[in-house]
Amino acid sequence: MKNNSQDTPKDSGKMSPVKNLQIDSKADFSPLSKHICANNPQLPNRRKWIKSLSSIGISAAISGLSIPFANANESLKNDLSPKTPKSVCAESLFTIIPPFGVNQAGITTPETTDAIFVAFKSVAPDIETLKTLFTRLTNRIVFLTQGGTPAAKPNKNYPPSESGMLGQYINPDSLTITVSVGATLFDKRYGLISQKPIELIDMPDFPNDALDTSWCDGDLLLQICANSKETVIYALRDIIKNTSQYLVPFWKIDGFLPSKAIKSNTTPINLFGFKDGTGNPSKHDNSLMNQIVWVGPNSKEPSWTHGGSYQAVRLIRQYLEFWDRTPLKQQEADFGRHKGSGAHLGKTDEFEEPYYAHNQADQITPIDSHVRRAEPRKHGRHDAKLLRRSYNYSLGLTKASQLDMGLIFVSYQSSLQKGFIDTQNRLNGEPLEEYIKPFGGGFFFALPGFRENEILGSGLFKLL
């Protein structure tokens, strides 16, 4: 059952409008894995860096012109200090993930090393104010994800327009900000009841859950991902400052992934030491994504939802001290995979298909293992019709002086029932439940993407 113990923080601030930048056609949109600086934070001299940026036209960008970011990458590389290790990838600071498109960024986009998940409650009094909120939120997302220079010189008699924690120039840093809405946004406050996605509900209790209401649900959820902790924190502070009259933060959790895995474009490893996401469908297969992830025109969903996706978020504490004292044989049997390679038991390659037909008596991969329950393959591949995009978390210590760490499970699916709910129902009672305890999260709907002349949720607002 959900436990009621919430403490809702508040914040305040005013918006400082910033002119949107344009993405140059020659900008470097190559995969993130080419641009990650995983283990080396050293940067070139700031004075030389700013000077080199100015020489390629940053001032022109502020006036509405576009910046050839690929050239910026080259200029910055050439200006690296002689003492800068060769492993530094200056391009990562300039990698732009375009915010525009049929679908929002941050869903099939490659994972980054850092993330923040923050849920809000809306205090907008009416539908017009709610639309103003989404307009303002869209403007901030466009600026933050493309990078640039903040507002002009501040009036020292007023608070500055931004935190200043990233210096005089905001690097895009592979930032994505994905906006999702919860079932409670479609209550009688805004007259949106008739437009609620059909399967969108508050997250129920599953048998092994110990849900705390202060960590559950919300009117709106932001998934903020980038290649550094300071970038995601900066983005969160900017959005809170500029939307505080409309949104109140409800719960927040920080996530991370191994930088080595992100740099090498390999499957990330969770805190149990097992690879997480091996069974994902290919994000490069558009047909498969349209089937598994994106809500399409052939569904019975409201028309405005097309291009969006149901999002399931589960905050799962892992009992790591207990797990670390568990024999390796038992760990692998519970998962159904080898701990090192990630391969199915009895196989050697991570992506090698298992063969269960001869194994009903449990000789190789236990029938109640995680992989067999999650995706039994009775009718072929992708029985679990979802795309995982999970992160690890660390919240410190519990009152019992145990590690408060675990998994931020995130999945996207075109059908919440056929995706997460059916999969979780198959997992209920699995042996791994001895080592985990879900305590929060929620079900949300990730809004469809938007074009340059639109705002987030424009399809919904047009129907009102």
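Quick reminder: no glycine exception, Cβ is built from N, Cα and C everywhere.
Not measured: the values here are computed from a predicted model.
Here is what TrEMBL says about this protein:
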type	residues	note
DOMAIN	104-256	domain 'Dyp-type peroxidase N-terminal'
DOMAIN	267-449	domain 'Dyp-type peroxidase C-terminal'
BINDING	R337	protoporphyrin IX binding site
BINDING	H370, R388	heme b binding site
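There are 25 other CB atoms within 10 A of the CB of the residue listed as 'protoporphyrin IX binding site', with all protein chains counted. Less than 8 angstroms from the CB of H370 (heme b binding site) sit D334, F335, G336, L427, E430, P431, L432, each of them six or more residues away in the same chain.
The Cβ of R388 (heme b binding site) lies under 8 Å from the Cβ of D276, G277, G279, N280, F409, V410, S411, each on the same chain and at least six residues away in sequence.
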